[in-house]
Structure formats: C-alpha cells, structure tokens
Amino acid sequence: MALYATAATVLAAVEGRRGSIKGLVYASRFQNVKQLYALVCETQRYSAVLDAVIAGAGLLRAEKKLRPHLAKVQRRVSRNEDLLQVGARPGTASQVPRFVRVNTLKTSPDDAVDYFKRQGFSYQGRASSLGELRALKGKCFLLDPLLPELLVFPAQTDLHDHPLYRAGHLILQDKASCLPAMLLAPPPGSHVLDACAAPGNKTSHLAALLRNQGKIFAFDRDAGRLASMATLLARAGVSCCELAEEDFLAVSPSDQRYRQVQYILLDPSCSGSGMPGRSLEEPGAGTPSKARLQALAGFQQRALRHALTFPSLRRLVYSTCSLCQEENEDVVWDALQQNPGAFRLAPVLPSWPHRGLGTFPGAEHCLRASPETTLTGGFFVAVLERVEVSR
Ligand SMILES: C[S@@+](CC[C@H](N)C(=O)[O-])C[C@H]1O[C@@H](n2cnc3c(N)ncnc32)[C@H](O)[C@@H]1O
C-alpha cells in the first residue's frame, strides 16, 4: 500500500500534476520523520518494481532528456558550465581528477583527511607531481602539490552526497578555478570586490582566505544565480560578504563604500570554450561563433577597463573558463594599453607549465590550463598589479 501511494505520488510529481518534490516530502500524510523514514525504506525494497512502473509510464525517456536540468537543480547551479565544474567530464576531461577544496572557514585539511581515512580512503600524502595525480585510482587520495587546501581524488569519485560536502566543509571546485582567489591573495581585514560573482565558489574561497575578516562586495546581475549563491555562502559559513544584484558596469568607483577596495576579482561571463564537456549538451558550444565572441569580448573589455578605475585598487585577477585568445590575452592587452604604465602583469607561478599565448610582450605571465597540460578544466588567469610610483 505504501509502495502504491509513493509510486503514484512520484508519478504525479514528475508529471507536474500535483505539487513538487518538496510537496512530496512535506505531504501532510507523513506526520513525522519516523513514518517518512519507514516509507523510504519500504520504497527502496521495491525500487525495482518502482523502476518498472516509471518505465511503463514512459518516464525514463523523459528523465533522460531532463537529466542535465535535474543535475543542475540538484547541484544548485544554473548553467551547464557550472555543472561541468563539479560534475563528470567526458573525453579527455574524464582524466581530470576530482578536486575538493577544504573550506577552512569550517574545518582544516588535516581533519578532512582524517575523516576520509576513517571512511576507508587511503591517504597518499602531498603529491609532488602531476604524474601522481594522473595515477590516482580506487579509494586513494592526495593533497595537491600547489594548493594547500586542495584534496585530489580519482576522476570518477562522486562526493555530491558526502556529508562534509552537504555541510559546507568541502567545496567541489576544479583546481584551475581555485587559482583566481589564491593569486589575488587578499590578506585578512582587506576589502575585496567580486565583480561577477555568482554562483560564488570563488567568493567563498576569498572569504576563507580573509578568514571572514574584512569585506567582500559581490555583484551579479542574475537574480537566480544570486539566490543559489546566497545558499552556497550560508552553507560555507561566509559572513563577510555583501551580495548585490547589480550590473558591475553601473557600480561607481567613486562610491565611498568602495574607497578601501584594493583587490578585485573579475571572472566575467565567457564562452565556456574551456569546459570540455559542453559540446555534449550543446553541440557546437565548444567553438563560439565570431559574433558571440565579439559580444563577449566587448563586455569583458568594458568590465576590465571599469575595474581598473577603482581608485585604491592594487591587485586584480582576471579569469575565464575560455580558451579563446579574444576573451583572454586580447582583453588583458587592451586594458594594459588603455592604462600605459599604470598596471603590469604580475609574474605569478613561474613553474606553472601552461602560459599565455605570446601575443604581446609579457603575455607569458598569464596562465592557461587544460586537461592535457595541467589536469584541470580549460582556464585562463591574469594577475594585474598597480605599478607603484616611487617618490
Ligand atoms: C563565469 S560566471 C562567474 C562565476 C563565479 N565567479 C564563481 O566562481 O562562481 C559569470 C557571472 O557574471 C555574471 N554577469 C554577467 N554580466 C554581468 C554584469 N554586467 N554585472 C555583473 N555580473 C554579470 C553572470 O550572471 C554570471 O553569473
């Protein structure tokens, strides 16, 4: 009887006839948690029958179509590229390990390592080469050779249901996407502006580096993505961030609120051409059209030029998950030319193996990333710093 009720309610919910999944969980007939738990156990015993019922209703086909959207909802992201940051990747990208950033606002790498060891994972210590990351198998894991709070698991490891992830102690974030906050390196107490911030993985990383001391002004113009971001930040224990639904281009650099902003992270919308699996869900998305590239690069240039006008700015990180020169080196070169002698590219991570395309003098200070060269998603990072005038 319980099975029948559950299957019927699931079918109704999936077909959208009655309520939502939330409605299902909070349906008044489940008067207490024990009852609900018993019902779930009972349902699991009959899961094969339930599958047959759903398959009979033709729902598996629909589910397959909806799978990317369901995954986005489950992982609280709104775009395919964000899903790829935390999900399985096809092709060469399936070799990219699962990177897990330990959220130091809530725990420490040592405690996270202990937790995984108690769960039967085998800890191999801090890696000293990419080869060690590539060779990871089974239930083994490592600490990343570069980032002190980054755990590395074999590519197939799925931690989306892990209690530490659900509690905000772990952030599932690709290693390349950890570079911007790490390279911006704002000291605790400083004021930071995150110009295009949602869904907020890099903001939460910045907050961890600040130890929640100081202030992050985070902007995004997409209300839905900001809502996901608020959830993410709350779960991660971030308390130093002010979120605003605003077009960054309309944020005034002369506003007194931002007079102490010395650090800016600019991670604008991009083609996502570095996200290896996009072509699976959006055929052709890996190679953006000329018109789309022009539009994106136009916005990226305006945003970078605008960011460089904040009067107290000392250091800025510009990043994209694109591999297109138009969105990367060209944008940075444009900004440097607009501000001759005022900013320069900081020579960061000299041992990083994949550098900017040599399209202008100094472009080798930019960093690129890809599954083949750095065992990460495709990415670009440039660090601009104000040239101090000696008196
Ligand atoms: C690549 S995503 C940012 C990812 C984010 N930094 C993170 O690590 O989670 C780019 C974001 O820029 C936002 N955006 C685009 N144009 C904007 C604008 N003019 N002002 C503010 N945000 C903008 C988009 O809504 C999108 O959320």
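Backbone N, Cα and C atoms are what each Cβ position is placed from, and that goes for glycine too.
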Listed in TrEMBL for the S-adenosyl-L-methionine site shared with CYS196, ALA197, ALA198, PRO199, GLY200, ASN201, LYS202, ASP247, ASP267, one of ASP174, ASP220: ASP220
If you measure CYS196 (S-adenosyl-L-methionine binding site) to CYS321 (active site, nucleophile) at Cα, how many Å is it? 13
Rounded to the nearest Å, what's the C-alpha distance separating CYS321 (active site, nucleophile) and ALA198 (S-adenosyl-L-methionine binding site)? Just drop the number here, would you? 14
In chain order, residues whose C-beta lies under 8 angstroms from the C-beta of GLY200 (S-adenosyl-L-methionine binding site), counting only those at least six residues away in the same chain, are ALA218, SER228, MET229, LEU232, LEU233
The predicted model's mean pLDDT over the domain 'SAM-dependent MTase RsmB/NOP-type' (88-387) is 94
Intrachain C-beta neighbours of ALA198 (S-adenosyl-L-methionine binding site), sequence separation six or more, cut-off 8 angstroms: ALA218, ASP220, ASP222, ARG225, LEU226, SER228, MET229
